[in-house]
Every structure is written in C-alpha cells, then in structure tokens.
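Copied from TrEMBL, the annotated features are:
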DOMAIN    5-292  domain 'UCH catalytic'
SITE      GLN89  site 'Transition state stabilizer'
ACT_SITE  CYS95  active site, nucleophile
REGION    150-170  region 'Disordered'
COMPBIAS  159-168  compositional bias 'Low complexity'
ACT_SITE  HIS232  active site, proton donor
SITE      ASP247  site 'Important for enzyme activity'
Amino acid sequence: MERHRWLPLEANPEVTNQFLKQLGLHPKWQFVDVYGMDPELLSMVPRPVCAVLLLFPITEKYEVFRTEEEEKIKSQGQDVKSSVYFMKQTISNACGTIGLIHAIANNKDKMHFESGSTLKKFLEESVSMSPEERARYLENYDAIRVTHETSAHEGQTESSPSSSQPHCSHCRTKASSLCHHASLPWVKRNHVDPAKATSPSLRLRRWRPFLRLPSLGLHSVAPNIDEKVDLHFIALVHVDGHLYELDGRKPFPINHGETSDETLLEDAIEVCKKFMERDPDELRFNAIALSAA
C-alpha cells in the first residue's frame with residue numbers, strides 16, 4: 001500500500017541544478033543535456049562526467065526483462081562493492097530525487113557542500129543504513145521533501161490542448177521521473193523519416209532535451225499528484241572501477257562491468273543503448289550528465 005507520493009521533477013538541467021543548490025550543493029558540478037549517442041554529440045558534454053541520469057519508459061517488454069534480469073542475478077550472483085551507496089524507493093514520484101541522491105552520494109568526495117547543507121546532512125546520517133532504511137528515512141525527511149515539491153512546481157510543464165507535439169507523462173506510479181517530451185521535431189528538421197529512423201544512432205538523435213517554448217504549445221503547470229505515469233528515472237555511476245545502474249525499484253545495484261572516470265559517459269551511453277534496443281518503437285528516452293562546471 002502506497003503511503004507517500006510526491007510531484008515528479010523534470011529531466012531539465014536548470015531544474016535539477018537549482019534543486020541541488022537549494023539542498024546545499026555548491027555548483028562545482030552541474031547537470032547538462034546529453035543530445036545523443038553519436039561521438040560528435042557526446043563531445044558536446046563537458047568533461048569530466050561523474051554520473052548519467054536516464055529517463056526511459058516502463059513498458060511490458062522492460063518489465064519482462066527486469067524480472068528475468070533479477071532472477072538471473074539472484075541465481076548467478078554479481079560483484080557489488082560495499083562502497084556503493086544505494087537506496088530503495090518507497091515514495092511514488094520520487095525517483096527523480098532518488099536518482100540525484102544516488103548521483104551525488106556516489107561522488108561525495110568530488111562534491112563541495114555549503115555550510116548546513118541539507119543533502120550533506122542526509123547522506124552523513126544515512127551512510128550506515130541499509131537501502132530499505134534509507135528509503136524509510138527519506139519518507140520523513142521534510143527538508144528534502146519540501147525542496148523537492150518547490151522544484152517540481154517551478155519546473156513542471158505539460159502540452160497545452162492545442163499543441164501538436166506529443167506529450168509524455170512524467171514517471172510511473174511508484175517511480176518518479178524527470179519529465180521529457182518526445183522529440184519528433186528533430187526528425188522533421190533533419191529530414192529523417194520517423195518510420196525509418198530505427199537504428200540506435202538515429203533513434204537517440206530523436207532525443208531532444210526538454211524545451212519550454214511557446215512555439216511548441218507548452219505552458220508551465222504542475223501535474224496532479226495522483227497522475228498515473230509510466231516513465232522512470234535511474235542513475236549510472238562509477239564506483240571503484242565499475243559502472244553501476246542504481247534503480248530504487250530494483251532490489252540491488254546492477255554491475256555493468258568496468259569503467260573509469262575518463263570513459264564513464266561513453267560506457268553509460270552503451271547501457272542506455274540497450275534500454276533503447278529493448279523497445280525499438282519507443283521515443284521516450286532522455287539523459288542528463290553530471291559534469292564539472
């Protein structure tokens with residue numbers, strides 16, 4: 001039975017950076033848009049990168065894969081370093097915030113916190129807790145909840161009824177997300193037939209960072225807190241030489257193999273490609289990267 005529900009956040013660097021600033025994180029590191037998978041588009045992302053946040057649709061295909069993946073890992077095992085900070089998600093519409101916590105907590109040594117930082121205090125107080133205990137602790141951590149709600153109200157947008165652009169919900173029930181709108185305008189401007197743009201390269205180039213433009217018929221409005229949505233948000237981080245997928249809906253982190261500070265972005269994007277390949281007919285993918293400012 002769901003006990004807690006928050007408003008979803010956007011996959012919008014402006015919103016996420018302001019949210020983290022309000023939680024007391026110094027802007028030495030900032031979230032930026034990832035425009036696509038191609039090398040020339042990845043080269044636009046400032047380096048170094050210490051985390052990637054992925055927004056993706058929760059579909060039947062994905063849920064089948066998630067169940068099979070969990071059973072396989074439980075059967076075969078995997079190596080997960082004890083230094084990985086991981087927490088479960090028990091709050092509906094909170095995976096945007098949980099993804100940000102995962103990104104910062106697993107790069108805490110790189111971050112600069114302001115005096116009295118709410119986020120630093122939460123991380124220090126929860127460091128010795130289990131993933132389940134961290135989830136329960138967040139449920140009652142009003143300082144983060146209030147900041148989350150403020151950021152959600154400031155950033156949320158939806159398509160107006162007159163808009164011709166497709167509109168995606170913000171996240172799935174039990175799993176908040178950062179908002180993304182489908183990016184067919186990129187395809188039209190670049191003369192790519194949507195029916196033919198099925199390769200991972202072209203498909204991710206249909207990604208488009210969230211835009212709040214009157215020409216797209218968008219306007220700012222906070223969604224209903226009870227809105228049922230089907231997009232979800234995860235973090236990809238580097239800890240002790242390995243790339244981990246951190247998803248509060250899953251029972252444990254997923255080890256995706258070796259990585260380094262220098263190759264994290266490219267390695268994380270390879271994981272993103274697999275998400276897209278599992279749902280080749282889906283458009284609703286978006287990513288932002290935590291980069292040195």
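Quick reminder: no glycine exception, Cβ is built from N, Cα and C everywhere.
TrEMBL entries are annotated by machine, without manual review.
Values in this document were obtained by computation on a predicted structure and should not be read as measured data.
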Using C-alpha atoms only, work out the spacing between ASP247 (site 'Important for enzyme activity') and HIS232 (active site, proton donor) and round it to an integer in Å. 9
Specify the count of other C-beta atoms within 10 Å of the C-beta of ASP247 (site 'Important for enzyme activity'). 25
Across every protein chain in view, the count of C-beta atoms other than its own within 10 A of the C-beta of GLN89 (site 'Transition state stabilizer') is 24
A correct count of other C-beta atoms within 10 Å of the C-beta of CYS95 (active site, nucleophile) gives 31
If you draw a 10 Å sphere around the Cβ of the residue listed as 'active site, proton donor', how many other Cβ atoms fall inside it, taking every protein chain shown into account? 25
Provide, as an integer number of angstrom, the distance between the C-alpha atoms of GLN89 (site 'Transition state stabilizer') and CYS95 (active site, nucleophile). 7
Could you tell me the mean pLDDT the prediction assigns to the domain 'UCH catalytic' (5-292)? 79
